[in-house]
Amino acid sequence: MGGCAGSRQRLSDSEGEETDPAPRPPLQDRQGAHWKNAVGFWLLGLCNNFSYVVMLSAAHDILSHQRAPGNQSHVDPDPTPTPHNSTSRFDCNSVSTAAVLLADILPTLIIKLLAPLGLHLLPYSPRVLTSGICAAGSFILVAFSHSVATSLCGVVLASISSGLGEVTFLSLTSFYPRTVISWWSSGTGGAGLLGALSYLGLTQAGLSPQHTLLSMLGIPALMLASYFLLLTSPGSQDPGGEEEAETAARQPLINSEAPELKPGSGSHLSLQERWTVFKGLLHYIVPLVLVYFAEYFINQGLFELLFFRNTFLSHAQQYRWYQMLYQAGVFASRSSLRCCHIRHTWALALLQCLNLAFLLADVWLSFLPSIYLVFLIILYEGLLGGAAYVNTFHNIALETSDEHREFAMATACISDTLGISLSGLLALPLHDFLCRLS
């Protein structure tokens, strides 16, 4: 590359012109870096949300767990509903699955609340390592759990992993072209689908939940490999010269000083600037809070109560199918940004709230004749939620300045977590109220 640069210098000297500005790396290297980063962010989205989704898919099993001494799995593949209220038309667990939701989301909420105060300024690599270790720990702890309380501690580890990872990777997108946001969002949707489908498929095939969870330990390792070995240095996006640019385009983050030594322009913002940026984000944050409040009120407050006795599916299997179909809708819509860009996310919030009202009415009145109608509604619910997520962050990336983007992305990611937390807090008393009445 030095000979090529020298030839270009001699040519400009012979023509009496100034030296060319910093040349871009060869097209092949730029394309290679683009696809490595695209695949890298897709895998990071997949791995980051995987443990979170699996814990929600296993929520019914975790709460149905009544371990006898010597039992080697934390719950049977299709648990006998001994702790349920057998007289209830809802076949209720003694505790709502919203309890698992709260254990799976409150630590994430705390992490995201700390992010705008400076958490996002910590070096990236230690945060990624911590996230991966917590994800692996969550699978191991729940797999070998002897009680619901221990299982919930494992769920908390999954929450820490997911929350820390989301703050980290969304902030990291500010160093790369905006297209990586759509890849990240698609990967998080893929985590929902593959996480729910893998748990459903492996348990349906007869594998115990313990062995199902242990089989997923490769996911945290894949996340670490994607970050350290697949992503290229952010320096390749704004090269200082041809040789430097080509080196950066080929350089994985494990050998790079960026962004650890350059935390980003967000670190230099004053409190007043951060408050101004936050106020400007509210017209995106509030709709996303409403979308996630409505959909997780449905998922963890109503899924367990949408119980059909006249089907070939057991109650536990119905719950797993609900989770899988919801995640399929999320994956499809989070991958749709290239086809459909929605600017007015308030419309999605309104439609999701109507979804909640309709399904809450059905839980109360039982007017839907078939579980397949519920399947369609849940798929539609997932489509709305995924579209709200990817379009919110895409719009923020488009409308914020380079100086504010890292802080804005870290701040806005609190939206979904806040909505989910509020839904879990309200779903618990609703569950108890309806189960006492039925």
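Glycine is treated like the rest: Cβ placed from N, Cα and C.
What TrEMBL records for this protein:
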REGION    1-31  region 'Disordered'
TRANSMEM  39-59  transmembrane segment
REGION    67-89  region 'Disordered'
TRANSMEM  98-122  transmembrane segment
TRANSMEM  134-160  transmembrane segment
TRANSMEM  180-200  transmembrane segment
TRANSMEM  212-230  transmembrane segment
TRANSMEM  281-298  transmembrane segment
TRANSMEM  346-365  transmembrane segment
TRANSMEM  371-390  transmembrane segment
Looking only at residues six or more beyond either end of the transmembrane segment (212-230), which have a C-beta under 8 A from one in the stretch?
36, 39-40, 43-44, 46-48, 50-51, 54, 58, 125, 128-129, 131-133, 135-136, 139-140, 142-143, 161, 165, 198-199, 202-203, 252-254
Any residues 6+ beyond the ends of the transmembrane segment (39-59) with a Cβ under 8 Å from its own?
97, 100-101, 104, 108, 131, 135, 138-139, 142, 154-155, 158-159, 161-162, 165-166, 169, 173, 176, 180, 183-192, 194-196, 198-200, 209, 213, 216, 219-220, 222-223, 226-227, 230-231, 299-300, 319-320, 323-324, 327
In the same chain, residues at least 6 away from the ends of the transmembrane segment (346-365) whose Cβ sits under 8 Å of its Cβ atoms read 90, 286-288, 290-291, 294-295, 297-298, 302, 305-306, 374, 377, 380-381, 384-385, 387-388, 391, 434
Under a criterion of three or more Cβ pairs within a distance under 8 Å and sequence separation of at least 6, are the transmembrane segment (180-200) and the transmembrane segment (371-390) in contact?
yes
